[in-house]
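Enquirer: Checked TrEMBL, it gives:
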type	residues	note
ACT_SITE	56	active site, charge relay system
ACT_SITE	131	active site, charge relay system
ACT_SITE	155	active site, acyl-ester intermediate
DOMAIN	20-439	domain 'Amidase'
Ligand code: GLN
């Protein structure tokens, strides 16, 4: 598949042909389930003239159905474009097809989608990761040049890693959340999933920057990074040693080899343990579910999407929400409502906020002396379908991605090795807030070193 960088040099006629070619491929590869609908259902005219970019089904595109892969949003048509979509259009790109995801971005496998599962293009017996599994599968399967996903606790980085592509979560506040269906507002960020590091930087440059439509968008200076990428900088990289050692054998071996390669290319490597990671999962799942329970209260059967049959107003709410939400979403609404309820608020929610501040401070301390942090993305390669049986195991598998969102930092996953069964292994790099330039300089260096 042509890279985004090269696609941006094509003429109008060539772009048109590229879109037709993509559409045919998507139809042929229907069994992957990367897109929630066949592109034929969305007339080409609706795509605009730009380079096609696949869009996760939780980002508003005017005139499109946007459903967060949920039954409750069936029938909802977006009346406006997300800021990220308007910015794509300004940069000669166009939204092209809705990609599959875990319902309301809650999950790590894309199995909780109302539309059914997405296959990992590297091995169809394995999940593509989640929640942006459709975006990652589309890019890895050659069904998209590039895609947008959203990352609340790893949903860009982990599926990109499971499918062998690059996933980049910007600093919280860098990309406008206007038009992104909120899951956990203090953690959500839109970002690119691409075939390589340079494309991720190009797509990031297009969508980033202050937006007055989002009160959490940061009014800080923004400079483009793709035109200044420098893979030859020698960086101070801190390896989180116990995280690398605790990953499964395959990941550990690949990551240790990668560290040696980084060293021999002149990067300065130091080691450090992070002892308190057991609090990360608890903190994340209290904050994320609390915010989700508040955010999802707007889906009441009246204002958006699907309404259930009912005899009175109370029944309308109950039936619409009971029929509309899937099991995992209901579990999180219950959990979130519980941790926010009076009597438990201090014990759970307030405590989680304190733990969050502690996690952030730990990262900031490490990044005072280092340009980057290096650690795994996930404890293992892509799970087999059905392998993760209970919700708690799924939550625990998020251990290496969620703390980055709690700290609001930018991070990227870069493929570093082939694994058994044709699967892929990635490393995660994390940088200081607002320092996406150093992050992607390091990512490009790593990508070049791996390519050899
Ligand atoms: N797996 C995590 C969760 O289920 C992260 C999801 C995400 O980043 N949207 O919450």
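Glycine too: its Cβ is placed from the backbone N, Cα and C atoms.
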Enquirer: Whole-number Å only: compute the distance from the Cα of residue 131 (active site, charge relay system) to the Cα of residue 56 (active site, charge relay system).
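Expert: Here the two Cα atoms lie 9 Å apart.
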Enquirer: So which active-site residues out of 56, 131, 155 are up against ligand 1, CB under 6 A?
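Expert: Correct list: 131, 155.
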Enquirer: About how far apart, in whole Å, are the alpha carbons (Cα) of residue 56 (active site, charge relay system) and the residue listed as 'active site, acyl-ester intermediate'?
Expert: 11
Enquirer: Of 131, 155, which of the active-site residues has the most Cβ neighbours inside 10 Å?
Expert: 155
Enquirer: Count the Cβ atoms, other than its own, that fall within 10 Å of the Cβ of residue 56 (active site, charge relay system), considering every protein chain shown.
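Expert: Cβ-Cβ neighbours of residue 56 (active site, charge relay system) within 10 Å number 30.
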Enquirer: According to DSSP, which kind of secondary structure is residue 56 (active site, charge relay system) found in, if we only use helix, strand and coil?
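Expert: DSSP assigns residue 56 (active site, charge relay system) to strand.
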Enquirer: Would you report the average pLDDT that the model assigns to the domain 'Amidase' (20-439)?
Expert: 95
